[in-house]
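Taken straight from Swiss-Prot:
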DOMAIN    36-89  domain 'Clip'
DISULFID  CYS37-CYS88  disulfide bond
DISULFID  CYS47-CYS78  disulfide bond
DISULFID  CYS53-CYS89  disulfide bond
DISULFID  CYS120-CYS260  disulfide bond
DOMAIN    128-391  domain 'Peptidase S1'
DISULFID  CYS158-CYS174  disulfide bond
ACT_SITE  HIS173  active site, charge relay system
BINDING   GLU193, ASP195, THR198, ASP201  Ca(2+) binding site
DISULFID  CYS202-CYS212  disulfide bond
ACT_SITE  ASP240  active site, charge relay system
DISULFID  CYS307-CYS324  disulfide bond
DISULFID  CYS334-CYS367  disulfide bond
ACT_SITE  SER338  active site, charge relay system
Amino acid sequence: MLKPSIICLFLGILAKSSAGQFYFPNEAAQVPNYGRCITPNRERALCIHLEDCKYLYGLLTTTPLRDTDRLYLSRSQCGYTNGKVLICCPDRYRESSSETTPPPKPNVTSNSLLPLPGQCGNILSNRIYGGMKTKIDEFPWMALIEYTKSQGKKGHHCGGSLISTRYVITASHCVNGKALPTDWRLSGVRLGEWDTNTNPDCEVDVRGMKDCAPPHLDVPVERTIPHPDYIPASKNQVNDIALLRLAQQVEYTDFVRPICLPLDVNLRSATFDGITMDVAGWGKTEQLSASNLKLKAAVEGSRMDECQNVYSSQDILLEDTQMCAGGKEGVDSCRGDSGGPLIGLDTNKVNTYYFLAGVVSFGPTPCGLAGWPGVYTLVGKYVDWIQNTIES
């Protein structure tokens, strides 16, 4: 039986939200027969008593308890009955083998300046499937790229992804592309943004309570680093990837957090044919601005030969450092940003985390034409370049 002190400890954890507000379990949240549930990490799970989920129970009793673990536990609650907390326990943690045999470590090669799974790509949001609108804390690595224009005016016209305390990844065409006006200078990034019309951003949750994020963070860019082999005038836009070095380190929060790079050797070589991924953003491009609210869409990776057949009609020859995804009318990277992320999900016995599968490069005009997938730079092909380029 779960000790009363542990019940009190867990309820105390659940009571504190990241915005400083309080949540007390209520009977409306009960699952009478417990049943199936989906974790904050987007895994299939079963709603059971906390003490019956050995992994999460062990996580709870770990000292000190990390903020990310505290928030994960809070958002994993699926009910409260007879004085006991119910927790959404992933299927893989209820298998006897996972409780007795340490899981294998992923085959990862890393630079010490880059965060590893567990430190990046965290999934803390209670995800809504099939929706277009993101949650306020969903995809906290997303960045808006700021340009300083003539007469000192500023605007956001590309996107990017935070990969460490000091670096953002975007597209090279957002740095020195042929469509960029000559009087624009890439000057900064905005992090922790959700609704560009408000600051701070607030969202009303299912309990009718207001959940507010801290004010967004504007950080100057110290140096832009387009890929050395990128050719702005090329039709196929090969090597359309760039690094932005920030002028200062950023502090991670629930709303500003890096995405993982595909460091696992299997991910580095993957082409993602038939794999469903997320594209997200404000629809910002070098020429247009579409939405004040961060949006998302699910897109499916396309076979390269099929995508090549489509783009051959435009005399565009794609290479193995690129990939295609989407092709459904009105979706695709219309909801993403130039330079923004194509987001994959890796589930293994150690961590479940989001990783940067691709960078939005180009697509049909107008975007979202049926039968025309968007083209993305395949980030796994550039891991070596990224690791060799970043500095402390």
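Using N, Cα and C of the backbone, Cβ positions are placed for all residues, glycine too.
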Taking just the CA atoms, what is the gap between CYS78 (disulfide bond) and THR198 (Ca(2+) binding site) in Å?
31
Rank aside, I only need the closest one: which of the recorded positions CYS47, CYS120, CYS212, ASP240, CYS307 has its C-alpha nearest to that of SER338 (active site, charge relay system)?
ASP240
Go ahead and report the DSSP secondary structure tallies for the domain 'Clip' (36-89): helix first, then strand, then coil.
19 helix, 20 strand, 15 coil
Near the Ca(2+) site, what residues other than GLU193, ASP195, THR198, ASP201 in the same chain have a C-beta no further than 8 Å from the centroid of the listed C-beta atoms?
ILE136, TRP194, THR196, ASN197, ASN199, PRO200, ALA213, HIS216, ASN292, LEU293
Rank the recorded positions GLU193, ASP195, ASP240 by the number of other Cβ atoms within 10 Å of each Cβ and report the first-ranked residue.
ASP240
Which one is closest to ASP201 (Ca(2+) binding site) in space, judged by CA to CA distance, out of the recorded positions CYS47, CYS158, ASP240?
CYS158
Would you find the one among the disulfide-bonded residues CYS212, CYS367 whose Cβ has the most company, meaning other Cβ atoms within 10 Å?
CYS367
Measuring Cα to Cα, how many angstrom lie between CYS212 (disulfide bond) and THR198 (Ca(2+) binding site)?
11
Residue from CYS47, CYS53, CYS120, CYS174, CYS367 whose C-alpha is spatially nearest that of CYS88 (disulfide bond), among the disulfide-bonded residues:
CYS47
Least surrounded among the disulfide-bonded residues, given as CYS47, CYS53, CYS78, CYS158, when other CB atoms within 10 Å are counted:
CYS47
Nonlocal residues around CYS89 (disulfide bond), in sequence order (Cβ under 8 Å, 6 or more apart):
ALA45, LEU46, CYS47, ILE48, ASP52, CYS53, TYR55, LEU56, SER76
Looking at the recorded positions listed here (GLU193, ASP195, ASP240), whose Cα lies nearest to that of CYS174 (disulfide bond)?
ASP240
Let me know the model's mean pLDDT on the domain 'Peptidase S1' (128-391).
90
Spatial separation of CYS37 (disulfide bond) from THR198 (Ca(2+) binding site) - C-alpha basis, Å:
33
Suppose we draw a 10 Å sphere around the Cβ of THR198 (Ca(2+) binding site). How many other Cβ atoms does it contain, all chains included?
14
